Every structure is written in structure tokens, then in C-alpha cells.
């Protein structure tokens, strides 16, 4: 019944298996990818005919993670997979980028590639399998897919490169890099790095490139046995058509490209296609040429003009040399109500960035095949239509916006402080207000400025730069800080972000074959010099984080309590913690280890919540001094309430150094007095003294001492030995330790 064909290879100690002919047999191409316990189904469907009047290649890639692959039922009301998650969007783009340039340039038939994770093994990088499976399925389909692509993931642990590291290993890795390419050249790189040098990054790319060559071999073997006849393709346009357009319109195109302003240049260039189509209207009606052929020939002429100026004259359309960076302007603190803000402008590209602090309750919850986890740092990239003067409605975040945001996130994440150093969740929003190339790198620069102004103690400022490439034969030019047109007509988009010490993120997309490691080395070094120049300009405005947070930022403090006290703070059904939040206006988050984080809009609210938590969870120690309230006066003494919910007794002899006739002559109900805990009676009730309590210089009112000496009698040391044991088990962090962050002093 099935004519199944299978090819396999042992790759990094595990068997990688590609098979076809059993599942999804009606699709134009279908490959099942297996490695470990991971199983993916990758399918391709190609439309029989191209749509009339289409002027681009309509390739759609959809990567899906089925919940059942990890033995889970989807969350939510409908209990089924729905809108693509950010992770699925990012992997879809990861598949698309190395594959899209490898189709015949004249191919415009609608093509759909679907990669579904059917079984999930956390030891196997399924995004890598998806790229491999998509490439294999395309090689079997009728689509004119010209090269086979494979991919690998590279980590760096203890100075050694690791192929396809597990999720657990990636937690300790200095590098998370994905590289994809053909048997001859690298096509795509995506990475996050912890301040690695250009040499280390290049070696990592080489390592990954060499590692996936055996995979390309089995894709080719599978295609040789199972591929379908490829669609026959003609040239994108007749050579005679291009020559005729050049003869008639080349001077007008050159004049338009000589305009340095993007807005004016685009306006003039946009007038030319209509003139060209009008000239060839009879040929279009007679079906000698199609609109797409004419527009493609015109684009080729525009490309030739731009590329020749660069290669022959070392001159770009805005007048810069290949290494020049556009003029930079930086401004900080322009949004008074935001916790941090910055405006970064580079030429005609501009990003307005804001930083907002939240609590641990504001962290992004992510539900993935690995399980649920939280992201403390969020970065949202927004690309509104007005940034390129387009009259379009604002829509939900596009795939491009998700991808650019993640790239900027990768660039910033390695230099952020950990949660102990900075207890807030952080959201950065970067809105591209103008765009003419490299808006994602403007986002990186603006984010670094906004974070420093907000007072986030980042390790070092970060800047990003986009590099381009123009290559004809052996002649090439690497371009620094590319424009939109240079990206469109060029051969490479190479984005590098990092500090003055090293790289934090790298993304490379190559549109042609034959880009070797020599060119990549030149591009990396040129990017380093450009990055240092940009950092120098940024540092003139702000070079290190502000010492204080914005007055609009929430206040926070933490207190460590005994884990047994957690239930007391929460209360039945959360009653107690809800009441504390309502009374104080603060937000409270309790970790399983007994760390209580309190967040409030001001310090007064913070103190109210802190005092109430301490009253419940903190056990007083002998020798500590508190503010107390006289609750009841007796002939023999008085009952005092302290720490909110604790009561003790002051004997008449402990009220004053001098002899007093009656307690009521000194104390009245409602009086506020300072009291010192001097011990406990045989029933465990607190014994207090007022004598000299207000003169004790060690008094800190409500802040308990963690190292107070225990001078009480044995029967008075109520559970003190138990407390000491608990403290030792918790690295001497006692239940009474309060940490108030320096950012609020």
C-alpha cells in the first residue's frame, strides 16, 4: 500500500531519518523527519498556475507545535491550537529565510510549506529539524527549488563548540546560534551571544556549516529517488526587453537615483513604472510581455545602476562611501511620565523607545512544548505605516514585527541584570517613527539608551548596525549602515549588535550563493568599527545607567520568611494577602522559597504592606525594640500590642527606672511607647520593658536584628534553636532579613 522511501544518517550521535511515501501522499511534497523521540511532518503544496498580475513570490511557511506532541492539552476555553504563538512565528521565519532565495527568480506560483511537530523530544532542537524537513519536502515537489538547505544549532560551553545542544545545555551556553546553508555557502545565521568576539562568531558559523553537510547529502539522496518532475521555467524577462527599457528610460532612472532624500527619490522612482507600462501597452495587450516581466526588467535596471555606482565609484545613493555611518542624534527623557525613554535617529531611520517597570506578576507567561515559563524582559517592536508614509490601517503585530522585536531582544538580553540585582520585570516598546533601513538596529540603540536613562543597571551600552553586500563575480563591496534600497537591491542583510567588548546578537540573510567566509570576516570587522562609532555617539548623551529610578517607577522591597509562614500570609482562599493588598494598595508576590516581593507606587504604601507581612511572619527576638500600643492598663502592669498582631506584658517594675505608685499615672490606653522584648514566661507570652527602650541607640523601631544575642533563660528561648537551624539551611538568610534596594535610597 505504501511505497515508503527512507534515508538516514548518524548525526551528532543520534540517527536522523527522512522518509516519504507514507504520510500526506497527496501533497506535492511530504517528508517525515525523525530524530530521537521528535517527529515532524513537513509538506509542500504548489499552485498549478501563477495568479494573474502578481508581482512577487507568494511563499507561505507555517510552523506548528501540536500540544499532543508533548502529551499536553491546549489551555484556554476551546482546548485546541489557535493563533500562532510568537515561537511558531519565529521558527516560521527561520525556515523561510534560507529557503526563499533559492527558488527560480521567475517562479511566482503560490507555494505553501507546513511543518508540524507531531512528537516532541526536549533533547532535540525541533526548529533545526523543521528547516531540514522543509528543504527536503521542497526538493521532492515540482517547485523549481534550486538548492538543498540544511541547518544546525551551535552552543559554546566551557570554551568548546557544541552541536545541537539541548535546552538544558543552552542555559549555561555563551552562544545560541542557528546556521543554515547549502553545500557551498551559508545562507542564514541567527544568534544570541554573551559578548563574544568576531573571531569566535565566525568560527561558530564555520563549525555549524561543516556540521550539517552530511544532512544535505541524505536530502539529495532522497530527492534522487522520490522527486517529482520540476516545473519548466522561462527567463524572468527577455533580454531584448531590458535593453529597450534601458535605451528609453535609463537616464531618467539615473537622475532619480541621484536624489539623496529618500522621500523625493522614491516619489520620482515611483513615476517611472507607469511611464514604462504606458510605452509597452500594446505589447501587453498582445501578450508579448506581461506586466510582471516589464516591472522585473525595470527593477533589474535600477539594481544595475545602484550596484555599479557602488562597485565602480565607491559611491552610494545618498553620497556616502561604503564605510560611512549616517548622522546620529540621541535624546533621552523626552516622555516625562514614562519610567525611561529615548529617541534614536540615524539618518532617515528613527526609533522612539520607552521603558516600563512592573512586578513579577507582570511577567509574560509563555506556554510551550517544554512547559510553562515566564519571561521577565519583554521587547515590543512596532512598525506603523506612517514611518514610511503609507496610508494603511494599524493592524495586529506582523510576522516581521515579531521577528525584529526578537532580534532586538536577543541583543539586549545578555547585558541585563539578573532578578536579584534588579527585581523588576521590564517592558521595552520601540516604535519606528521613520524608516529607511535598519530599523531593528535603531531599536537596539534606542532600547539601550532608554534602559540606562530608566536606571536599569545594564552591564554596558549596546549598539547595532546593519551591513550590506554588493557582489559581482570576484568583486565585492561591504556596506555599513545600509539604506532600504541597498537592502532591497543588495546581496546580504547582515545585522550585528553588541557592546564595545563583544557581540550580543547576529543575524545574517544572504540572497545569493557564493558568499564565503572571507567576505563574512570583512563584514564582521567593518561592523565592529561601525558599532564602536555608534556607541561613541550614544555615550555623549548617556554612557552609564542613572543611579536612581524615575519618580514614576514603583517602589519595591523583599523580605525572606520561613516557608512555614507562607500559608499564614496567604490565608484561607487568599483572604489575608488580598486584604493586605487592598489596605496598602501594594502588589505582593510570594516565591516557594519564602521570598516575599512587595511592589507599590510609593514608599508609604510599601511600608504599610511590609509592616503587615512582618507582623504575621516575623518572629521577634530577645533584645529587639518595637513601637507598641498600650491596649489595657492593670494595677500590676500593662498589655502592649506590637508588630501589629503580637501582645506582651510590661510589669509595673519595668515601666520606669523610678518608682511609680500606679501604672495609670504613667500609661493610658492608646499610648504609643517603645518597648524591648526581654523574654518569655513559661507559657510563651512575651515579657516587655519600657525602661531605657527609647534611649537604646541600637533601636531600629521595626527592623528586627538578625544577629541579636540570645541571653534569655532556657525556658524563654522559644524555638530559637529551631530558628538557627533554619537560618543555617538557608545560607544565613533569616526570616527577618529585609533587603531594601539601593535604587530607592
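Residue numbers in this text run from 1 along the chain shown.
Cβ atoms here come from the backbone N, Cα and C positions, even for glycine.
According to Swiss-Prot, the feature Mg(2+) binding site maps to 487, 493, an assignment based on sequence analysis. Annotation source Swiss-Prot lists compositional bias 'Basic and acidic residues' at 707-719. Annotation source Swiss-Prot lists domain 'KH' at 554-613, citing sequence analysis. Residues or ranges marked as domain 'S1 motif' in Swiss-Prot (evidence: sequence analysis): 623-691. Per Swiss-Prot, region 'Disordered' is recorded for 691-745.
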Protein Cβ atoms within 10 Å of residue 493 (Mg(2+) binding site), excluding its own:
22
Helix, strand, coil: count each for the residues of the domain 'KH' (554-613), based on DSSP.
32 helix, 16 strand, 12 coil
Per-residue pLDDT averaged over the domain 'KH' (554-613), given as an integer:
89
Look up residue 493 (Mg(2+) binding site) in the DSSP assignment and reduce it to helix, strand or coil.
strand
Summary of DSSP states over the domain 'S1 motif' (623-691), given as helix, strand and coil counts:
6 helix, 34 strand, 29 coil
